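This report refers to the structure that appears directly beneath it.
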Amino acid sequence: MVDAPHSKCGTFGFVGSSPTAPTFLLDTYKRLPLKIVKGNGCWLWDETGKKYLDAVAGIATCSLGHSDKKLSKVLSQQLRKIQHVSNLYRIPEQEDLAQWLVNQSCADSVFFCNSGAEANEAAIKLARKYGQIKRGIKRPIILSAKSSFHGRTLAALSATGQTKYQKGFEPLVEGFEFFSFNDSNSVQDLYENLEKDEPRVAAILIEPIQGEGGLNLGDQKFFYFLRDYCNKNNILLLFDEVQSGMGRTGKLWGYEHFNVEPDAFTLAKGLGGGHSIGALLVKENASIFEPGDHASTFGGNPFACKAGLTVAKEIQNRNLLENTYCRGNQLREGLQKLINNYPHHLEEVRGIGLMLGLAIKKNSNLTSQKIVELAIKEGLLVIGAGEKVIRMLPPLIITKREIETLLTRLNACFRKLNN
């Protein structure tokens, strides 16, 4: 075997360091110079043996942490039983997970796929068909929020209210218009302008908490307004719960914080506990799909659904909703103390449960990326949500002592900035 010339190998640059080793991976990620080789609970180890407290959890996916004993045992057994068959046949594991999701939510039926973007694509198709069948709209429009994020596939990207993700991928999919988050007047003005002459709007798509957009928490009055407005105008209310769902906020579903039920909502990330799965959950009134309207080769496979059901039951059995609520409050209080200690840099705590962000003041020269880099040196993994928000999404199993460690190491980052 002949080594490939270095000129053909991509390299990943990193602020303040030399490029990492050549790679044959397509250059789509600005990777950090950190090679993770092992995980256990809320902790990760790199190839040198250095230990890190993980406040990223695979970006809100590893709900039970890493190498969970129960999940590992169940999935090992499932691998020896059956991994995948086609949706041409009934899949018991899929039906079991669907039943659990329906029993625990406002939905009546479930479609399974492999990711959040896929789930949102399914929701977009659902809304378009609903608009055509129920409202007689030939070219339905979906209203989405500014600063939202719904995925990288083309329709989900087009529904995303952040142009920085869309640049270079035009023409975008048509049929999306944008309103200001938590602004009922913005929604009403946009809707009325679009529907001056004929019905054009099929649905409103929104995140209860904007994750990539900066951990912006929805306002209860605004979500009451959305539900009422959609009812009055016979349009669907769709929630993107890809990041907020499965207990991340201290409640199983983000919509529970508002006492507002969507007509359909999407899940992924935390549902699989680190394994690929997504879902669209639909109420009966929005169940417009027929056989052949949508499909997924791998969606709902036995392995992924066994992972999802195990995660779901462990969240219940270990009382992780209460743990998320308590540890989220502990983390919030600690972050507020950081703001008090570094008021020239920090502004506010955003989010809820274990989906929290620490906002940096706009006039500060500090960026979230700088804190991410400093945190790595302190043995802590955090991520950004834009340039001015430090995001923390630890596993739902995180302990009181581990939250204390997180805060101590984060404080060390800011202390170094002052020195």
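Each residue, glycine too, has its Cβ placed from N, Cα and C.
Swiss-Prot has this to say about the protein:
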- Gly116, Ala117, Phe149, Asp240, Glu241, Val242, Gln243, Thr297: pyridoxal 5'-phosphate binding site (BINDING)
- Arg152, Ser296: N(2)-acetyl-L-ornithine binding site (BINDING)
- Lys269: N6-(pyridoxal phosphate)lysine (MOD_RES)
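All features noted in Swiss-Prot, drawn onto the structure.
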residue : record                               : DSSP (3 states)
Gly116  : pyridoxal 5'-phosphate binding site  : helix
Phe149  : pyridoxal 5'-phosphate binding site  : coil
Asp240  : pyridoxal 5'-phosphate binding site  : strand
Ser296  : N(2)-acetyl-L-ornithine binding site : coil
Cβ atoms near Val242 (pyridoxal 5'-phosphate binding site) (within 10 Å, other residues, all chains): 29
Number of Cβ atoms other than its own within 10 Å, given for Gly116 (pyridoxal 5'-phosphate binding site): 28
Largest CA-to-CA spread of pyridoxal 5'-phosphate binders Gly116, Ala117, Phe149, Asp240, Glu241, Val242, Gln243, Thr297, angstrom: 25
Greatest C-beta neighbour count within 10 angstroms, which of the recorded positions Arg152, Lys269: Lys269
Count of other CB atoms lying within 10 Å of the CB belonging to Thr297 (pyridoxal 5'-phosphate binding site): 10
Integer Cα-Cα distance in angstrom, Ser296 (N(2)-acetyl-L-ornithine binding site) to Gln243 (pyridoxal 5'-phosphate binding site): 21
From Gly116, Gln243, Thr297, the binding-site residues whose CA lies within 10 Å of that of Lys269 (N6-(pyridoxal phosphate)lysine): Gly116, Gln243
Distance, Arg152 (N(2)-acetyl-L-ornithine binding site) to Val242 (pyridoxal 5'-phosphate binding site) (CA atoms, angstrom): 13
Number of Cβ atoms other than its own within 10 Å, given for Ser296 (N(2)-acetyl-L-ornithine binding site): 16
Residues near Phe149 (pyridoxal 5'-phosphate binding site) in space but at least six apart in sequence (CB under 8 A): Thr160, Gly161, Gln162, Tyr165, Glu207, Gln210, Gly211, Glu212, Gly213
